Amino acid sequence: MANLPSDEERPLLIHHLPPQEQCSQYTCDGTVDIDKRPALKQCTGNWRACFFILGAEFTQCLCFSAVVKNLVRYLTSVLQESNVDAAQSVSTWIGTCFFTPLIGAFLADTFWGRYKTVVICLSVYTIGMLVLTISASLPFLLHDFYNNGDIRRVVTYLGLYLIALGAGGIKPCISALGADQFDGADPVERVTKGSFFNYYYFTNNMGTLLSTTVLVWVQDNIGWDVGFATPMLLMGFGLSMFVAGKRVYRYRKLGRSPLTRVSQVVVAAVRNHSLKLPDDSSLLHELPSPTEGGYRIQHTTRFRFLDKAAIPSDGDDNSPAQRNPWRLCTVSQVEELKMLLRVFPVWASLLVFFVVTAQMSSTLIEQSTAMDGRVGPFTVPPASLATFNVVGVLIWVPVYDAVLVPLARRVTGNDRGLSHLQRIGVGLALSAVAMAYSAQVERRRRRLAAEAMSMMWQAPCYLVLGMAEVFTSIGMLEFFYEGSPESMKSLGTSLAHLAVATANYLNSGVLGVVAAATTRGGGAGWIPDNLDEGHLDYFFWMMALLSHHFHCICIFPAFIVGSTLGTGGTLCTSALRADQFDVTDLLIFSAGATSNPESKGRVYWYNKAKESPMKRDSRVIVASVRNRHLQLPDDSSTLHELPLTSESNCKTHHTGEFSIRVALCTIPMVYSALLESKCFAAMTNAMSIMWHAPSYLIFSAAELFDCIGMIELFYI
């Protein structure tokens, strides 16, 4: 440490060091330390900082799971809500928990920064846990009001929505803050950043595992007051731990409001709608050099109507100090909005996955309550079945890294094995399998109603959903982070949480519609208070079919709109780069790009502007067949390619990935429907709650694909 520059010397020294030496001692991605000086690699960031961040995430996830996993039972048993009302309330609350991250991301990117936002929201979260603990303790604290259910309900929901407000700043910022601890310009730290997301998700699930095994048991066997007070104290410890690491964190400088920048582009494009776009994109307005702490994005040809926001008017002073940002924007500003628009087809496809996984906190818990929870001398709380979901995640993460990635890497040529969207696709398919399994379990449970069916039949459903999470959630977060502009990383990450929020609101609406439609004429409906009189298996089958059909709907807009991902400035010269060519990455398709002097016009040009993706793919196939007699060159750089000027011109098609994800998403719903049908057929025999286990297993498999891929997708 004796060789390190003093605090006074560092700001002066960094400007006189050679570029290579600067990047060896200081971060080159614009991050600073707590004193707003350039961050020293030896003293800040990396895993030394992530220890505190992951610790705070562990306690936050433990507290959230302690509430959400058993909330439907608390509402039905303590507040005396009906099954449908409780399921709707839980879905609405979860939706709010994942909607508030939009507000938190805006505050973090514009006013407070990620660190301050997390500290404030962790404090609000802890207060919410305190209020919820008080609501569970009202019978002991306020005997006179014990019979007044309205007071208890008000206090309960006040605590719940304070927790939702606190979650708004934690969920989008803590993962982005962790990723900021690794210098993207450093090859070693850039690779390590990918490992951070795996450990982030692993830590998340370890908190869930402890919560669903220990805290849920405490709630059911000792009391709700102790069951809520314990995670409240742990949350306070997590807040202290997070603050303790403030001197080793790397911080990003605040920029202008991302929502303001986006709004300026839209307003300027509308104002300039009558102007003609120039053929030469270099005539569009751009600053001569990036501002301090800023960056520039190369122009792309997608969404050309937005380029009108960057058309300068004759006679106007377009200098940075004089230009009106609501009439004239820079190319980089326009490209930021384009980057956000490109990820929305992927965002829409995630809704059905999270509608399915929302069943783990609502209908699957209600199904478990109607089953036999005895396993030997022990009685398993229904909410503890979520442990199988976590076990599925913990099993599939190492299996994916050690087995699937090497195998997939050989086929795709992608260093990740599967691209972000391929992982999301596998997760969606697995979740569908879990729903099909749950339907079968419910069918059997209703048939064995008088002879309780073991709750353990639900375990496979949770395990499969855990597998789905591994594929989907992490890939989703990475995709949204990496697909977002540098100034909107927190906002980009919050898109993943917005998908969860929207899906839970949709689930609440679906439950309401199903209840209204199936109770017409005085019938019991599909989801009555007594599930033996209903058809929960029909609901699970509907979820499974919804996953499948939604997949088919999402293929076409994703195929047409496509998505352009950054490639670090490298040229698209390899036909086996799966992150660039998911549809055309087979070796035989390389022949389509082989220069053929005798067949001019039959050569496929990747990334040709204003051309249908389906037309381009057809040209690849036709050119490959026509050029089948040509020998592939050893040097891929001799393959025909257009010169590229943008780091984001490499095309990725996602149809296969959507298919895999939707298929996985359907399995749990199909299983649950089959299970319910089986229960109904054997109504005279009690069906074990363990029949639910396969459905949860499939959910965990779907999450394996979806969640990890989602994190990576939005991060990129």
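Even glycines carry a Cβ here, placed using N, Cα and C.
Predicted automatically and left uncurated, TrEMBL annotations should be read as such.
Note that the structure is predicted; figures quoted are calculated from it, not measured.
Copied over from TrEMBL:
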- 49-72: transmembrane segment (TRANSMEM)
- 92-112: transmembrane segment (TRANSMEM)
- 119-142: transmembrane segment (TRANSMEM)
- 154-178: transmembrane segment (TRANSMEM)
- 199-218: transmembrane segment (TRANSMEM)
- 224-244: transmembrane segment (TRANSMEM)
- 343-365: transmembrane segment (TRANSMEM)
- 385-408: transmembrane segment (TRANSMEM)
- 457-481: transmembrane segment (TRANSMEM)
- 493-518: transmembrane segment (TRANSMEM)
- 538-561: transmembrane segment (TRANSMEM)
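The recorded stretches the transmembrane segment (343-365) and the transmembrane segment (199-218) do not share 3+ CB pairs below 8 A when only pairs 6 or more apart in sequence are counted, and are therefore not in contact. Nonlocal intrachain contacts for the transmembrane segment (154-178), taken as residues 6+ away from its ends with a CB within less than 8 angstroms of a stretch CB, comprise 49-50, 53-54, 56-57, 60, 63-64, 67, 71, 74, 79, 93, 96-105, 107-108, 114-115, 117-118, 120-135, 138, 196-197, 200, 249, 477, 481, 489-491, 493-494, 497, 711, 715. Among the listed stretches 49-72, 199-218, 385-408, the one sharing the most Cβ pairs under 8 Å with the transmembrane segment (224-244) is 49-72. Beyond its flanks by at least six residues, the transmembrane segment (199-218) meets 50, 54, 57-63, 65-66, 69-70, 175, 178, 226-227, 230-231, 381, 383-387, 389-391, 393-394, 397, 470, 473-474, 707-708, 711 of its own chain at Cβ-Cβ distances under 8 Å. Counting same-chain residues at least six beyond the ends of the transmembrane segment (49-72), those with a Cβ under 8 angstroms from any Cβ of the stretch are 86-87, 90, 93-94, 97, 118, 122, 125, 129, 132, 160, 163, 167, 170, 174-175, 177-178, 181, 196, 199-200, 203-208, 210-212, 215-216, 219-220, 227-228, 230-232, 234-235, 237-239, 241-242, 244-245, 248-250, 361-362, 365-366, 381, 383, 386.
Residues 84, 87-88, 91-92, 94-99, 101-102, 104-105, 171-173, 175-176, 343, 347, 350-355, 357-359, 362-363, 473, 476-477, 480-481, 484, 525-527, 535, 539, 542, 710-711, 714-715 of the same chain sit 6 or more residues outside the transmembrane segment (493-518) yet have a Cβ under 8 Å from a Cβ within it.
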